[in-house]
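What TrEMBL records for this protein:
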type     : residues : note
DOMAIN   : 266-392  : domain 'SSD'
DOMAIN   : 684-812  : domain 'SSD'
TRANSMEM : 20-39    : transmembrane segment
TRANSMEM : 242-259  : transmembrane segment
TRANSMEM : 265-286  : transmembrane segment
TRANSMEM : 293-314  : transmembrane segment
TRANSMEM : 334-355  : transmembrane segment
TRANSMEM : 367-389  : transmembrane segment
TRANSMEM : 431-450  : transmembrane segment
TRANSMEM : 651-678  : transmembrane segment
TRANSMEM : 684-701  : transmembrane segment
TRANSMEM : 713-737  : transmembrane segment
TRANSMEM : 757-778  : transmembrane segment
TRANSMEM : 790-814  : transmembrane segment
Amino acid sequence: MAGYGERLLDAVDTWIVDRPGTVVIVFLLLTAGFATGLGNITMSSGTEQVAQDVPAYGTYQRMENDFEFAFGQGEDTTQLIQTGENVLSREGLLRMLETQQRLAEREDLRVADSTSVANLVARELDPDATTLDAQRRVVERASDTEIRAAVRRASTHPSFALAIGDDFNRREAYASSTLAVVRHDVYVESSDVGSGGEATQVSDIQLEARRVTDSVGGDVRVFGSGIISYENSKILQDSLKATIPAVVILLLLFLAIAYRDPYDLVLGVVSLTMALVWTFGFMGLADIPFTQLLVSLPPLLLAIGVDFGVHTINRYREELDGGTMDTRDAMDEAVRHLLVAFFLVTGTSVIGFSANLTSGLGMIRDFGLVAAVGIAFDALVFGIFLPAAKLLVERERAKTRLPTFSSKPLGTEGSLLGRLMPLHLAVTDRAPHLFLVAVLLFAAVGGYYGSGVDSSFEDEDFLPPEELPAYLYSLPEPMQPGEYTTTRDVNFIEEQFETSNRDTVTVYVEGPMYRDHALESMVRAGDDPPDSLVTDEDNHARSESIITVIRNYAQESPEFARLVARNDENGNGVPDDNLRDIYDTLLASPYGDRARSYLTEDYHNARVVYSVEADASRADTTEDATEMADRYRFEAVETGGTVVFQRVADAIFATAVTSLGAALILSALFLLLVYYLLLGDPRLAVVTLFPIVVTTTLLVGTMRTIGVPFNTLTATVLSITVGIGVDYAVHVVHRFVDEVETLGTPHDAAVVTLRGTGGALAGSMLTTISGAGALYFLSITPLLKQFGLLMAISVTYAFLNSVIVLPVVLLLWARRSGRGEESTSDDRRVAPI
């Protein structure tokens, strides 16, 4: 190496071997600085943090702000889920009314109003019963016959169907479930705050509402965005408290086996802790929130840190094992080799992880940034601090009676691992071209099959299953998961209530809906709709809109029907003229609340909800919704949960593709430049990336085989595979080139490389798989489980390709480039086990 790079390497090496105490002190001071950011870390969870980066979500938010949804769920509403033998009986109605009253009496819950089926029934019994207390008295005095009659009358109210379970029987006045909504004035002015005001947390309100509701008795459950947010945060905490101790225990066990020296073990643990403090301190200082994606980061950084640490200690022991060097010279030689390898590994790994910055989703970009920074910190800590600290310990050993333990490196010639690692060369090196052709064919098949991997974005990815595995509750108590109700309640609402049980898409129309023929244009947009939309007998899209409300009220009110007829030019029940008068009358009617869920009070914006075929895919539905929006005269855009989730899924797939492409291209350019400058042969970049390409193609094929889609976390696994795969490959390539120059024969260099570096990689692979296994078995959500599984698979593939496929490619490169001399037939045989 020449020029600036050589001078920098000499300077760092000199500091490590000649002034290790100063290096250790500097790193400890930096750790104290980063530790100040740990207290600033905040948690962010749920699907909203992902969806908010998609334009369709912004439209959805504007639409929610524009319209009032009967029995809807917003950030300032709490849903009360009541179940029982008959929630429409006297006892069931009274229990709901008492619950509403107790919540209203608590000033700290800031209840603005509440709506339930019990309110509707009570007002049918006595229209003057407008307060909760009056409604309770009315229900208490009414006979069973009067209550059943009132239930039947209330069932004709437009909002009744939205709040009653699917098993409602009108004749018997029976239902086993109902839904009530409590609205809160969340944002209030606080007299104690001179700056103006502060927001009351919805989670705090709903958690307190849960305690109040429990005091009533009966089966009334509290549900809402605050409960979801609280449980999502708890899921993050529970996932960390289960996985991190398990990973640490596994790492300690592995390091104890790898190092076989308690002093080295302590140094390794200190280095791992330092790298984590730097990384998470950086997060706090940079104001990056902690998300479910980042739960996977500690095992990842710990595993890569152990990789660096094992290579550092192992290479030092190899140099010392020759018996010709003292501790300083052995560390000097080891550091000179490792700093170059670490620079290559860190550069390509940072490129691989930071490739996720190309994502259109902020949470994935944050993951890529933190992972890239964490890898760089790993390299600094294990490439500079650990050698310096190790040298200090060795000097103390030499001056004192500190005991000396095993100093043998992993994968020595006489060890079992050392004999196993190069064993495959007896076959692959005799027919290298045939072997590589077979590998390419296998990879091509895997890549072609894997091109059909799905992309997915679901609420369920972020939520635990209703029933967690029993073994999680056999863990030590501090590691056991808590109790979660979100999944159960979400599933219950979707199954039982009309509010969530229909497949629909929404077109959000922005235009003066009071103009003549505005509603007629809405009707024409539904003619001959795309295939995924449900149609009526006239091949018209089945929809709900302000037109639906107009027609429903016209059937009930003769006077309103006449008003509509006077302004209906073609007699289809849709008014064409004087729409302001139509809307004024409608909003002042009993159907006013329902009308406001489809038309804004300024008569400017509207929403049209189209029914979708049950078997229609989300992608087809979104495409057809876009076509419907394009048919409107006014500006219109497709939105709704289906559209938002599909747009996120599209962004996830784009992330997987673009981040992989960016990682491979940037890694190739980096390796081309570095190998040209350091070794004078840029072809080594292609050699290094060959096993990486094979690994990624096999991985996507495996994903499709086991049914794991690209989601917000697994979309990053391909770029992670590039990062880790290049890590493994660069260690092998760099060691092989060194050994060729030293030993002179490519085959012998491959054998020594596999015994030394291959042994260290085997340890690193096992460590990473252990961390991934902890994610898979101990994580609470499917998102983390799938990532843990894929990480274990990708690391296994990367290791196997680095120690089996890559050496064969290196042997061909060495022989074609004239590096070293051909071994004799005896030299080409691997020593017997």
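Glycine is no exception: its Cβ is also placed from the backbone N, Cα and C atoms.
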Query = Do any residues of this chain, six or more beyond the ends of the transmembrane segment (651-678), have a C-beta under 8 angstroms from a C-beta of it, and if so which?
reply = 1, 5, 53-54, 340, 343-344, 347-348, 351-352, 355-356, 358-361, 364, 368, 455-457, 684-686, 688-689, 692-693, 696, 710-712, 715-716, 718-719, 722-723, 726
Query = Looking only at the domain 'SSD' (684-812), what are its DSSP counts of helix, strand and coil residues?
reply = 117 helix, 1 strand, 11 coil
Task = Mark yes when the transmembrane segment (242-259) and the transmembrane segment (684-701) have three or more Cβ pairs under 8 Å (sequence separation 6 or more) and no when they do not.
result = no
Message = Is the transmembrane segment (757-778) in contact with the transmembrane segment (242-259), using at least 3 Cβ pairs under 8 Å (sequence separation of 6 or more) as the test?
response = yes
Task = Could you tell me whether the transmembrane segment (713-737) and the transmembrane segment (790-814) are in contact, taking contact to mean 3+ Cβ pairs under 8 Å with a sequence separation of 6 or more?
result = yes
Inquiry  = Looking only at the domain 'SSD' (266-392), how are its residues distributed among DSSP helix, strand and coil?
reply    = 112 helix, 1 strand, 14 coil
